[in-house]
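Colleague: First the structure, which I've put down as structure tokens, then a few questions once you've had a look.
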């Protein structure tokens, strides 16, 4: 029996032992990490082969170009999503360490059908046999989805047993420049499992591609029932405008049209803001545009005080 036959027989034994496959576990949302990470993929049939592309390997709607009519089983190593700049290491088990075995970069169609293009040796990932741990060259990890299959110089390929992997490399769009803070410091740089990139998810009241815009109206700056118009300005600028109802005016509709007159502010002080507007600065217990309304707390206090005085008089009388 040749070495090649031994390899294929060993792989078939492994494959028959784990034919039920596994469900690939992954997070629905990942946050961008500033420093590159290393990902080690065990090139083996004994632990990380999934069978059902939609149910086990991926979520419905992700990389769904594969035609699954007739419930076609496409065994493969659990798909991988990494960031641009991350390091990918392939670790092969001893049974795969033969001179004729290597990994090849192929098209999506060739990946599905395990078709090896024998005329493109420049698509081989490694210049030597698959043995131990190998770091994948960064040229194979550009932005996009890449398809790697196990190939042999001749004979049947172990690719069809599941020794193939697709890797999606994502880039981030969370910085206006390389020196900028991610999402302007007002959000997180995230990617869902079905997304092709990382983007900003802003914290209220910020918005925009880089969370650089402030929704100033969320602070309700317009007083006295004024209407707020959001200008979507930068976070360090006034990004709103108030439309005031008469007799109010001013930036926040807190001023009254006219000039200070005697007793115009019933329980407070009058101050002219411009040549045609003033405000009433109310005493502590009062509110309203002309300091007419007494606070609820003060009303309760007065009522209790009057009630106490009446009860004292009643007690003294009897």
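One-based numbering along the chain as shown.
Note that Cβ sites are derived from N, Cα and C of the backbone, with glycine treated the same way.
In case it helps, TrEMBL gives these features for our protein:
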DISULFID  183-200  disulfide bond
DISULFID  202-211  disulfide bond
DISULFID  244-253  disulfide bond
DISULFID  260-270  disulfide bond
DISULFID  282-291  disulfide bond
DOMAIN    170-212  domain 'EGF-like'
DOMAIN    213-254  domain 'EGF-like'
DOMAIN    256-292  domain 'EGF-like'
Colleague: Over the domain 'EGF-like' (256-292), what does the predicted model average in pLDDT?
Modeller: 85
Colleague: C-alpha of residue 291 (disulfide bond) to C-alpha of residue 270 (disulfide bond): distance in Å?
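Modeller: Approximately 10 Å lies between the Cα of residue 291 (disulfide bond) and that of residue 270 (disulfide bond).
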Colleague: Where residue 211 (disulfide bond) and residue 253 (disulfide bond) are concerned, what is their Cα separation in Å, rounded?
Modeller: 28
Colleague: DSSP says what for the domain 'EGF-like' (170-212): how many helix, strand, coil residues?
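Modeller: Secondary-structure breakdown of the domain 'EGF-like' (170-212): 4 helix, 18 strand, 21 coil.
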Colleague: If you count the other Cβ atoms within 10 Å of each Cβ, which of the disulfide-bonded residues 183, 270 comes out on top?
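Modeller: Answer by Cβ density within 10 Å: 183.
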Colleague: What's the CA to CA span in angstrom from residue 260 (disulfide bond) over to residue 282 (disulfide bond)?
Modeller: 14
Colleague: Measuring CB to CB from residue 253 (disulfide bond), give everything in the same chain under 8 Å that is also at least six residues away in sequence.
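Modeller: For residue 253 (disulfide bond), the qualifying residues are 222, 223, 224, 225, 226, 242, 244, 245.
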Colleague: Round to the nearest Å and give the CA-to-CA distance linking residue 282 (disulfide bond) with residue 183 (disulfide bond).
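Modeller: With distance taken Cα to Cα, residue 183 (disulfide bond) is 42 Å from residue 282 (disulfide bond).
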Colleague: Let me know the most crowded of the disulfide-bonded residues, choosing from 202, 211, 244, 260 and counting other Cβ atoms within 10 Å.
Modeller: 211
Colleague: In the structure shown, with every protein chain counted, which of the disulfide-bonded residues 200, 282, 291 has the densest set of Cβ atoms within 10 angstroms of its Cβ?
Modeller: 200
